[in-house]
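First up is the structure itself, then whatever we jot down about it.
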Amino acid sequence: MLTLQQERARRRTFAIISHPDAGKTTLTEKLLLHSGAIHIAGSVKARKGRRHVVSDWMDIEKQRGISVASSVMQMEYRGHVLNLLDTPGHQDFSEDTYRVLTAVDAALMIIDAANGIEAQTLRLIEVCRARQTPIITFVNKMDREVRYPLELVDELEQVLGIPIVPFSWPIGMGRNFHGVIDAARATVKTFSPGWHDKLISPEAVYGFHEVTNTSSGDAIRDARTELELVLASAPAFSEVAFHEGRQSPLFFGSAVNNFGVQEVLDALVDIAPSPQPRPALERTVEAIESEFTGVVFKIQANMDPLHRDRIAFIRVCSGRFGRDAKYLVTRTGKMIRAGAPVSFLSQRREAIEQAYPGDIVGLPNHGALQLGDTLTSGEPLHFLGLPFFAPEIFKRVDIDDPMKVKQLKSALLQLGQEGAIQVFRDTSGASVLLGAFGELQFDVALERLRHEYGVPARLHETAFRTARWVSAATPEELAKFVSHHPGRIYQDAVQAPAYLFKTRSELDVISEQWPMIRFHQMRESIGRLALTQL
Ligand code: G4P
């Protein structure tokens, strides 16, 4: 049996981030294929009514062909355990993505070589940068006519604000894409298109001089000159700098052709960090501490339409997680038995006996666990860093059938706890608002209310444009502010009070009038315990 230290050392937990259509689903599928986790490439995909998207769960996703919920996949490669966390591609679900990013030690960023950095990627990069998450960059679709690699590198460096270190460099593009140069080994890996579903495409690796006399010799020499140019201005690769988010290794390839994918997997194993320490309110927790600790970063209800279930996704932060062990949920002070924990092989769940730092455990529960909860076998701790952001659109919920008020309340409580949408109630409890970042989030909420909970509801526009959670040095000051603003103070799912604004200028006026009150655009999942400003 491996020691805790060895189990930690062989784990990599990472998320794939990209703008929709850059090739995330395709790359995921190829990664799984290389690791032997699935055997037919394409089974992760579902576009255009063909096969079913394994990583997408909900009806609405199937209808629209988008990935709404994020999923978790575990695979083994070269004796390592890779935990891949998928993130929703659509920007309306960015809050879910932010939370998933708190559960990983690295990110794999996919760039469509024709488009460079796109809007959604930019937002994700900002989150990674704020957390100093190491980023590996994969420039995809080199088999198409795309932008010049030198230009892409410039753009990447500017946006990331850190040096890019090329590990591979493309030879040509589109119809004249000949392959990549391996920067460290000075070898050339040649490309042949059209090997979508094969694990081993007929690529071959040659020494540099073996291929410069072939028909693609000129293209290879040009690529080498470019590579040397970039390497001359880039710093030497440093694992420490990469782990601290100060350098990003760069790869080129074509996911759909399964070209350049193995290099990325190797990089994950060879240079990506193993599970890192995690800050808690009380202290920083090291991954190899013997007591188990974990944090809930995602709740998903009704993943399986046949069973009413609710699964908390827990990132193991330290120690060994054991099936049937009892753990303290710090927020409630209650113990929970870890019965029926599962790990994820895409949609398939597998029962597990134990899990190690970096692993993601799914724990079925009936509401005992909420987003941001810390579980521990030792001292009470509160992990930090799971963000909730102030929504930008607010809608009032209404139902036709007064007999369903109770169902609506419990359904909204669950959706709110899941973080699928934010739920705000005014102090009288009579007015209930849903807060979101995009219209699609409302569509999903309505669909789920009707489908999963049997509560057809309607939504009405409101004049509110933003919210700020409020706090003050003393409870009296906060109470005074709250009592002065009936109709504007709402409480969210964890009863943290927020002031709802109709205009941005209102925010300036109120904060000037009430200097004792602090207004927060973000709150930590631990709610009133630690309201922090971004
Ligand atoms: P996403 O999950 O990031 O949204 O992207 P996805 O993998 O679904 O890829 C988006 C489109 O880009 C797909 O085409 C996919 O086949 C294509 N693609 C992915 N990687 C490459 C690549 O290396 N080269 C080229 N030329 N195309 C690539 P689609 O037409 O939308 O779907 P499909 O009909 O191919 O399934």
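Just so you know, glycine gets a Cβ as well, placed from its N, Cα and C.
Keep in mind the model is a prediction, meaning the values are calculated, not measured.
Features of the protein shown, as given by TrEMBL:
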BINDING   18-25, 86-90, 140-143  GTP binding site
DOMAIN    9-276  domain 'Tr-type G'
Scan SER18, LYS24, THR87, MET142 for binding-site residues whose C-beta lands under 6 Å from an atom of ligand 1 and note them, or write none.
SER18, LYS24
Where does MET142 (GTP binding site) sit in the DSSP three-state scheme?
coil
Using a 10 Å cut-off, grab the number of neighbouring Cβ atoms around the Cβ of SER18 (GTP binding site), all chains included.
24
What number of additional C-beta atoms lies within 10 angstroms of the C-beta atom of ASP21 (GTP binding site)?
13
Local backbone state of LYS24 (GTP binding site), from DSSP in three classes:
helix
Please give me the CB contact count at 10 A for MET142 (GTP binding site), counting all chains in the structure.
27
Cβ neighbours of THR87 (GTP binding site) where a neighbour is any other Cβ within 10 Å
26
